[in-house]
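The annotation domain 'ABC transmembrane type-1' is assigned in TrEMBL to B:71-285. Residues or ranges marked as transmembrane segment in TrEMBL: B:12-35, B:75-96, B:108-129, B:161-183, B:204-223, B:269-286.
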Amino acid sequence: METPLQRFLIRLGVFVVMVVICVPGLWVVMTAFRDNVEVMARPPVWIPQAWTLDNFRSIFGLSATQQGIPVASYFVNSVIIAVTSTVLAVLIGMAGGYAFARYNFRFKKASFLTLMLSRTVPGISLSLPVFMIWSRIGLIDTDFGVILVYLALNIPFTIWLIDGFFRQIPHELSEAAKIDGCTAWQAFWKIEFPLAKSGVASAGIFAFLTSWNEFALASQLTRTTASKTLPVGLMDFTAQFTVDWTGMCAMAVIIIVPALVLTFIVQKHLIAGLTFGGVKG
Amino acid sequence: MQSFTRRFSPPFLLLLPAFVIIAAVILIPLVFSLYTSFTNYRLVQPASLWQWVGLRNYQRIFSDIDFWWAFGRTVVFLTIALNLELVLGLGIALLIDRITTGQRVIRTIMMFPMMFSPILVGFQFKYIFNDNVGLINNAIQSLGWSNVTIPWLVNGWTANFAILTAEVWMSTPVFAILLLAGLMAMPRDPIEAAKVDGCNSWQVFRHITLPFLLPFIYIAMAIRSLDVARAYDMVKIMTNGGPAGRTELLWTLLARVGYQDARMGMANAMSYVSILLSIYFTYYFFRKLATARASLGSMA
């Protein structure tokens, strides 16, 4: 079958791939805990000589060298916006996905297509008219304005994933429950929902990641600490001529950690959600 | 009464919230945007919203060489990026499929770039390709290959290469994960049978593995095509379209025209071109996916 040489080459290949995936992120994380002098040093210092939390202190405004970038309020905004839009998108997506999976109705194909095509509109192109309308009705720089937009971004994909999952659950299960005396509502929550849980979980994760990471729309629809999110805040560091590398890396760590933690918690649902929601849907 | 129940049927009620939001945030703004693209609207002159100019914006952008450069660059960029991601993703999936120990850990690591914000990926590679403090120049100098500092993001060609690297780094794992899931779901019997019948590895791959993977390839492509425009975030933070417009994509160009030059009418005309481009990519891959699904269904 496999010669030792082949096995070695395969392992080497996988190792190289892992290095390419990990090194950029690790490099950023490492910089976040390093001194600015060490980062700028010539010749380069590869192994950090001293670890420091100063970069985090300074971006949160806790050190003598005030940065003046209100990362804490960006973080709060990000959490509020991402959590609210995720929860609502999952609820609305579940209703919509269930409708597509269980019912036949007029314009079914057309409405599905409309939903999917609405997702393809590039964020920056959508931002132009939304910016014009939101500024007229006073939604610019509010959490609500951003949440509403993210909800619209997340609903189509959520419906697509959840629809695929409900379709795999045999229709007969809920019918049997109804014969046994459940109402339609009970049959849904007690029989069908538990079976579609991993689809709902993966839809939720994708919605959260989209909202947490989105930049193009948020950068135009938010102005101040009232609604600015972390990805938009990251650009604050490049507003000057010199880029504050260590500060930006610390900010990057703050953006990535919540997404990372959350994804690992539900990771087993993720791949299943993507592949089987898609293939069989 | 009958028409009443038909109008308010369960699917209608279930889909109502979704469509209200999509209409409010996407459909109505797009109609407004279409109207604006036929006016001379400038942000600083609110009255210009009512100045109908017909097709003038479209005529101008179609005769503008900068627009065509950005358009062409966007199409070439997407074509190269998607193909590269597919080939690399397929290669990585085939490699990992042949590893028996530690596959779980490897798959977990591969999900890493999926969680990154595009703006974060852009920043990460801006830092790595930086001429003074970047990882790549540091490595080149430490290894003693060269002492010059290569200005990656200042030269047009290398800046495009850096952006492409960022894009490929972010999206290849998605392809690899999905194709690996496909490989693992593949029945082994046909492969054994083909080997018994004397097929070599290439023939097995070409005539058995690849056709089976096709729907997975199109799912990955379809999912990916939904957000091709996120390259905007990366370009925005890495080069902002520079040097001298050499990395300008359609999306960065329309943002510049709309927000910086405040020429909203013109920007909306460009944004319609970008929307049609995105719809074309998505439509193409969803069609392919539907065909592949149908053929898979007939196989099973």
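Every residue number used here counts from 1 along the chain in the order it is shown.
Any Cβ shown, glycine's included, is placed from N, Cα and C.
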Are there residues at least 6 beyond the ends of the transmembrane segment (B:75-96) whose Cβ is under 8 Å from a Cβ of it, and what are they? 103, 106-107, 110, 160, 163-164, 167-168, 171-180, 182-183, 213, 217, 220-221, 224-225, 228, 231, 249, 277, 281
Looking only at the recorded stretches B:108-129, B:161-183, B:204-223, B:269-286, which one has the largest tally of CB-CB distances under 8 Å to the transmembrane segment (B:12-35)? B:269-286
Which sequence positions outside the transmembrane segment (B:204-223), separated from its termini by at least 6 residues, show Cβ-Cβ distances below 8 Å to it? 82, 86, 89-90, 174-175, 178-179, 181-183, 186, 190-191, 194-195, 282, 285-286, 288-289, 292-293, 295-296
Long-range Cβ contacts under 8 Å made by the transmembrane segment (B:108-129), restricted to residues 6 or more beyond its ends, are 92, 135-136, 152-153, 158, 162-163, 165-166, 169-174, 176-177, 230-231, 233-238
